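Annotation comment: TrEMBL describes 183-504 as domain 'PDEase'. The AMP binding site annotation in TrEMBL covers His259, Asn260, Phe261, Arg262, His263, Asp300, Asp409, Gln460. Residues or ranges marked as Zn(2+) 2 binding site in TrEMBL: Asp300. The compositional bias 'Basic and acidic residues' annotation in TrEMBL covers 499-509. Per TrEMBL, region 'Disordered' is recorded for 499-567.
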Amino acid sequence: MVEFQTRRDNITQHCSFVPHRTEGIVCLYVKLCISSEYDATRRERGVAEGGGGGDRDDAVTNTVAAVAAQLQRVFKIEELRADFGARICSLEKRLEIHLFTKCVGVFSVSVRLIERSRAWPRAGDSKRVIEIEKFKYEIADIRDAFLTHNKTRHIDFSRLRPAVTLPATFFSPGTVREHVITLQREPPPYTKYTLTGETVEHLRAPTFDMWQWEPNEMLSLIEHMYADLGIMEEFCISPPVLRNFLVSVQENYRNNPFHNFRHCFSVTQMMYGIINLCRLQDKLPRKDLGVLITSCVCHDLDHPGYNNWYQINARTELAVRYNDTSPLENHHCAVGFRVLANPECNIFSGVPDDVFKELRADIIMLILATDMARHSEIVDDFKNKLDNFDYGNVNHLNVLKMILIKACDISNEVRPNTVAEPWVDCLLEEYFNQAETEKQEGLPVAPFMDREKVTKSSAQIGFIKFVLIPLFESICQLFPQAEERLVAPLRQAKEHYEELKEKEEEIRRTTQGRSGVTNEGGRGGGDGGHRSRSPSSGRSEETERHANKSSAVNNPSQRWTSRPMIL
């Protein structure tokens, strides 16, 4: 017994060099063989005690020989496995090189096809262009994945070529990727609306009342503007792509009191009205008309509800990113072109690259011009060119387009008083929210935003007198036919707010006189049944009436019901 155990331990020790995965099998086999030989030897000892020593030696020798044969088989399997793994690695390398070569070739062919399709755009080709764009993005994705997988064995070509914009990512000039703003919800099924003649005529007028229309209806009205001005035909825009673009834009306007999608529609409709009023279709190419309308649609995208003054003083991310230079306007441009980066929303996918560069430069120029910090600069430049304005001069046209979008952005007082005054309430609410935040953060507060210092009448009188009237008068010097529709309403609005200011002052004097009489009478703080208004609130009965109307805009049960509808 002891002899067999000693020999078993010796064999197990000699098998210690066997790989770990086969060591257990070999040891188990050795133990079974020795145990079987030991049992046979015990049976022989029962027959002849003391004999058969040579048989025991033969049993051990046979066991060792069997173990050696099994070890040889195991080693051969390991050698075959190593050889097979080496061959597999070689085949993988050859396959990767072959796939990379094929991808580069297919990518080059797709780029040539895309360039050809962009060079000769035709009506109805938008869907084909979108499919080609998606195909290009898929190839680029495969190549980027390949380079990422083999970045330790191959050159990183991403550092040697311009970044490729994928559908779901936006590449900044550095290496940081930001998520592109895409459709937050599936676009509604495209429905061809038919507008009544009354709605079409009303839409072309600066007096259009945007408070009567729901968001989806406003989308349809903007679609009509693109079609009526020939912009869809000029840029080969298909109706589904235009709808996707407008839905994505609508989703990326925040629910602010003033800077929301309804303000976007208001500015766009005023631009459409001025184009028809001044007959700009006869003076400007359709490409410029498309730039004007699209810039109005995108001019306040993702507005946070706090102006540039707050962004710079609070040192927000936008102010740091754009070096305190029109941070909000730069952000609106960036968001707009991120929306256009999505092939399903790219209304300019059917134009050549050189035309797209011109469109991009013009849209950026117009959106940046909406910064009120540049107001005097742009207005003075426009006035200097009025005496010898030339529609064939590119600089003159650029200044005209900038002055038009500026005028449309602040044109609420051109509309009737019942339409314009609710916008004042919305703007003051947004200003007051910012002022409260600035006070909490210890930042300076502009006087025209402080609830305790500003009134509606005082704010509007100065703005109309020193900003709006001079701006629209300069436009009417170039387009005299628009003076009655643009400048006359501003003068009427100024008179309205001057009357409102007189009423507010009279109410304040009356309230102060009654409070003085009450104090002299010693009535213990009572007001004799009269509830006095805060002098700083500046809210007369007429103001309260308009404020109630403004609140009705957000309450469907109080909405107006008499309006021209869509068929």
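Backbone N, Cα and C atoms are what each Cβ position is placed from, and that goes for glycine too.
Cβ neighbour count within 10 Å across all protein chains ranks Asp300 highest among the binding-site residues Asp300, Asp409. Within the group of binding-site residues (His259, Arg262, His263), the Cβ with the highest number of other Cβ atoms inside 10 Å belongs to His259. Farthest C-alpha pair in the AMP-binding residues His259, Asn260, Phe261, Arg262, His263, Asp300, Asp409, Gln460: 23 Å apart. Confidence across the domain 'PDEase' (183-504), taken as the mean pLDDT and rounded to a whole number, stands at 93.
Long-range neighbours of Phe261 (AMP binding site) (same chain, six or more residues apart, CB within less than 8 Å of its CB): Pro215, Met218, Val249, Gln250, Tyr253. It is Asn260, among the binding-site residues Asn260, Gln460, whose Cβ has the fewest other Cβ atoms within 10 Å in the structure shown.
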